[in-house]
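Trainee: Here you go, one structure.
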Amino acid sequence: MQQLQTFAPLFPRSSPVKPLSSSVSSQLPPTPRCSRSNLKRRAKSQSLIDTQSDQRKLTSRVVELKRRKQLNQIFDEIDQAKRRYGQLNIIVMNAVVEACVHCGDVDSGLRVIGEMSSPGGCGVDSITFATILKGLGEARRTDEAFQILESLEQGRILESPKLSPPVLYGLLNALIEAGDLRRANGLLARYRFLLQEGGPSILMYNLLIKGYTNTDCPLDALLVHDEILRQGLKPDRLTFNTLLLACVKSKEMSLAVQFFAKMKEEAERESCFKLLPDAVTYTTLLKGFGDAHDLLSVQKILVEMKSLPYLVFDRVAYTTIIEALLTCGSPRDALSVFGEMIKRAGENPRLRPKPHLYLAMMRAFAANGDFDMVKRLHVRMLPDTAGTISRTAQEEADELLMEGALNSGQVDTAKEILSDVVKTRKRMSWTRRGDMVVVQIESLSGFSSKTFSPLLLPQVLLDDPIEKHMVKFEEAKPVQSSVELKKIVMRLFRDAVVPVIDDWGSCVGILYRDDCQQLDAPLSTMMRDPPPCVTTSTSTGRVIELLLEKRYEMVIVVRSGNIYDESYNSTSKAVGVFTRDHLFEIAVPVSEIDEAWRTSS
């Protein structure tokens, strides 16, 4: 009876289950009764299963937030989970330590480990210490890392795991990544007995070779290769790939080719698939031949790559091939590979190019004056690229579009693009190759356009002392720092910047119109201090550089003798000012000078 009632919800409501007659029910076996202890045990077991499932989800959540580097969010969610479940398991807490290391906050990771190893904590294991040692190595806090190793070796940490190779490899790899071979060799010398338990390890030697590739003498990695052979070890794929990288960084491509041939020879002799060259092998060679501008070798490597059925082309492989072809001066071949990459990206979104590859293609075609191709790449960059396009990348793309138009002889088109760029940008940086493009556009148009019409200072010599062109300090009408804003607010409608003095007449700051927020507050609370100062003997050219490069609105001029006095500071007695507005008052557009010259002639 109870069994049928248990499954009753599976039946439609229109046909309810009828109870059995007593004769039939008497023939059924007796239903076992669940004791209260069994029910509690089942409930506890189900609760434990639910908790474990939730903590697995929490671990996945921590990993996801780690990728976004949202460490504060991780700690908030961990605190909420602790209030709900109590103590979290070691898998979750190890993920938190890994997140701390990934985000560069080693101190927080150490605090988490202290909580894990405390009485009542979830405990620590080799993964915990391998992670934190890696973080300390990346942060160059090697002394603390060695102290932890000594504590593990001597068992001074509560319930700590035994010192093992996985614990050491995290720190060793971090030291090698940082190029600190001195400490890496010291670590090997101290714990070689542990790392070579059961015989020498190829992993240790691979790490050493990797370390030499990060130094100024990458070919010293060949000494490690000789040691591998003396120890009777067989180099693996990682060994050969790292040796190839050392040769490429040393620009010894003939030596790289020898190791490449030896790698294939060893794989064929031993019939070992794991020794065959992979995508990393070929991309390393491509970069080396590309930097050497050896187009023929790049093309040979590319043909060999496409002939291997086991070789998988990922985004890195395609990017390296395209960049090598561009470096060798073959943009058409690069465009062919780029088209193949875009076509395959339709099926595999992970192959979509990064923005920097679009820019590399645009640079090559802009330099050749192929405006149509630059324009196509510029249009497709936003919808087809992978990742976020930074403001700097977008600005360079616009500049390359101008350069492509200019190099193809389409000056009017370049001017139109420049006009659109000026409207969308708040300011021009003038620090990239786009600067020269703008100068060329302006010069080809005879500086007749008003976009960037240059200004001249016909009555000013840049070597003149600023004292010759400054405005006297009294004429700048400085205001007292103790005065409230409401008393001089009308002054700010006329002047965007005003010098501020104290009770003794020394300039103590500059008041900017944009900083004024509270009418009943004294100016001392809103002014910017200390004011930028120059001496009366400073050249006018240098002061103009300060106004334009540092974006100062006003520069205070003090007596020349004061700057050599030990008591000199920014509050020394001011004798004059020079402002951005004054600079543009004495500047004259080129067009006006040309008009005056034509009229006089």
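Indices start at 1 and increase along the chain as displayed.
Cβ atoms are placed via backbone N, Cα and C, with glycine included.
Nobody curates TrEMBL annotations by hand; they come from automatic prediction.
Per TrEMBL, compositional bias 'Low complexity' is recorded for 12-28. Feature annotation from TrEMBL assigns domain 'CBS' to 526-595. The region 'Disordered' annotation in TrEMBL covers 1-53. The repeat 'PPR' feature in TrEMBL is assigned to 125-159, 201-235, 236-266, 314-349.
Could you place these features in context, so I can see how deep they sit and what lies close by?
Mentor: Summed and averaged per residue, pLDDT over the domain 'CBS' (526-595) gives 75.
DSSP assignment over the repeat 'PPR' (125-159) gives 26 helix, 0 strand, 9 coil.
Each residue in the repeat 'PPR' (201-235) gets a DSSP state, and the totals come to 25 helix, 0 strand, 10 coil.
Packing against the repeat 'PPR' (236-266) from elsewhere in the chain are residues 202, 205-206, 209-210, 212-213, 218-219, 221-222, 225, 228, 272, 274-278, 280-281, 284-285, 287-289, 291-292, 294, 297: each is 6 or more residues past its ends and has a CB under 8 Å from a CB in it.
Within its own chain, the repeat 'PPR' (314-349) is flanked in space by residues 279, 282-283, 286-287, 289-291, 293-295, 298-299, 302, 305, 357, 360-361, 363-365, 368, 373, 384, 386, which lie at least six positions past its ends and keep a Cβ under 8 Å from the stretch.
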Trainee: Could you give the residue numbers and ranges of same-chain residues that sit at least 6 residues beyond the repeat 'PPR' (201-235) on either side and whose C-beta is under 8 angstroms from one of its C-beta atoms?
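Mentor: Here the qualifying positions are 165, 169, 172-173, 175-179, 181, 184, 188, 195, 242-243, 245-247, 249-250, 252, 255, 266.
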Trainee: DSSP says what for the repeat 'PPR' (314-349): how many helix, strand, coil residues?
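Mentor: Its residues fall into 29 helix, 0 strand, 7 coil.
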